[in-house]
Amino acid sequence: VLSPADKTNVKAAWEKVGGHAGDYGAEALERMFLSFPTTKTYFPHFDLSHGSSQVKGHGKKVGDALGNAVAHMDDLPGALSALSDLHAYKLRVDPVNFKLLSHCLLVTLASHHAADFTPAVHASLDKFLASVSTVLTSKYR
C-alpha cells in the first residue's frame, strides 16, 4: 500500500519525467531486451534495434500507461483494468516480465534524474511499480 509520502514522491518524480515518458519507456524496454533477452519473445514482429520506431512506439504506450497510473494512484485497478485484460487474456505475457520492466524503468529514471533519485524516492517508485505490476497480473489468477 502506498503511503501519502510515497504518493507525493511518485507524483513529484513523474512531474520531472515530464514530456520524456515515451523516451524513458523506450529506453527501459531497450534495457530490458538487452538485459533479459527472453523478453524479446513477446515482440517477434518488432524491429528491436536501438532507436527502432516500434520500440519507441511501445515505449510511448508504457509511458502513457504509467502517467495514467500516476494520475489514478488511488484506483489502480480501475485505471489499468483494460491493460490488465489485454496482457492477461490476449497477449499472455509472463507476469515476471512486469518486474523486469519495472527494474529497467527504475534504472532509467535513476540515470536521468540521479540527483533527485534519493533512497526515499527510489523506495516509493519501487512500491508504485510493484503495485502497477500486481494490478496488471491480477487477472491471471
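Backbone N, Cα and C define each Cβ position, glycine as well.
Taken from Swiss-Prot, the feature O2 binding site applies to H58, supported by sequence analysis. For H58 (O2 binding site), the Cβ neighbour count at a 10 Å cut-off comes to 17, with all displayed protein chains included.
Every protein chain considered, the tally of other Cβ atoms within 10 Å of the Cβ of H87 (heme b binding site) stands at 21. Positions annotated as heme b binding site by Swiss-Prot, on the basis of sequence analysis: H87.
The domain 'Globin' annotation in Swiss-Prot covers 1-141 and rests on sequence analysis.
Among the features that Swiss-Prot reports, N6-succinyllysine is placed at K11 (among others). DSSP assigns K11 (N6-succinyllysine) to a helical segment in the three-state reduction. For K11 (N6-succinyllysine), the same-chain residues that are 6 or more apart in sequence and have a Cβ closer than 8 Å to its Cβ are V70, M73.
Marked as N6-succinyllysine by Swiss-Prot on the basis of similarity to another entry: K16 (among others). In this structure, K16 (N6-succinyllysine) is part of a helix by DSSP.
Taking all protein chains in view, 13 other C-beta atoms sit within 10 angstroms of the C-beta of K16 (N6-succinyllysine). Per Swiss-Prot, the feature N6-acetyllysine maps to K16.
The phosphotyrosine annotation in Swiss-Prot covers Y24. Annotation for Y24 (phosphotyrosine): spatial neighbours V17, G59, G63, L105, T108, L109, H112, criterion Cβ-Cβ under 8 Å with sequence separation of six or more.
The Cβ neighbour count for K40 (N6-succinyllysine), using a 10 Å radius and every protein chain shown, is 13. Annotation note: K40 (N6-succinyllysine) sits in a helical segment as assigned by DSSP. According to Swiss-Prot, the feature N6-succinyllysine maps to K40 (among others), an assignment based on similarity to another entry.
Cβ neighbours within 10 Å of S102 (phosphoserine), excluding its own Cβ and spanning all shown chains: 19. Under the three-state DSSP scheme, S102 (phosphoserine) falls in the helix class. Summarising the annotation, Swiss-Prot assigns phosphoserine to S102 (among others).
Every protein chain considered, the tally of other Cβ atoms within 10 Å of the Cβ of T108 (phosphothreonine) stands at 23. In the three-state DSSP reading, T108 (phosphothreonine) counts as helix. As annotated by Swiss-Prot, phosphothreonine applies to T108 (among others).
The phosphoserine feature in Swiss-Prot is assigned to S124 (among others). Under DSSP, S124 (phosphoserine) is assigned to a helix (H, G or I) in the three-state scheme.
DSSP classifies S131 (phosphoserine) as helix under the three-state reduction. Per Swiss-Prot, phosphoserine is recorded for S131 (among others).
Under 8 Å, Cβ to Cβ, and six or more positions away along its own chain, T134 (phosphothreonine) finds no residue. Summarising the annotation, Swiss-Prot assigns phosphothreonine to T134 (among others) and lists similarity to another entry as the type of evidence.
In the three-state DSSP scheme, T137 (phosphothreonine) falls into the helix class. For T137 (among others), the entry in Swiss-Prot reads phosphothreonine.
According to Swiss-Prot, the phosphoserine annotation covers S138 (among others), on the basis of similarity to another entry. In sequence order, P77, S84 are the residues of the chain that are 6 or more apart from S138 (phosphoserine) and have a CB within less than 8 Å of its CB.
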Run through the Cβ atoms and count how many others sit within 10 Å of the one on T137 (phosphothreonine).
19
Look at the modified residues S124, S131 and tell me which residue has the greatest number of other C-beta atoms within 10 angstroms of its C-beta.
S124
What's the CA to CA span in angstrom from K16 (N6-succinyllysine) over to H87 (heme b binding site)?
28
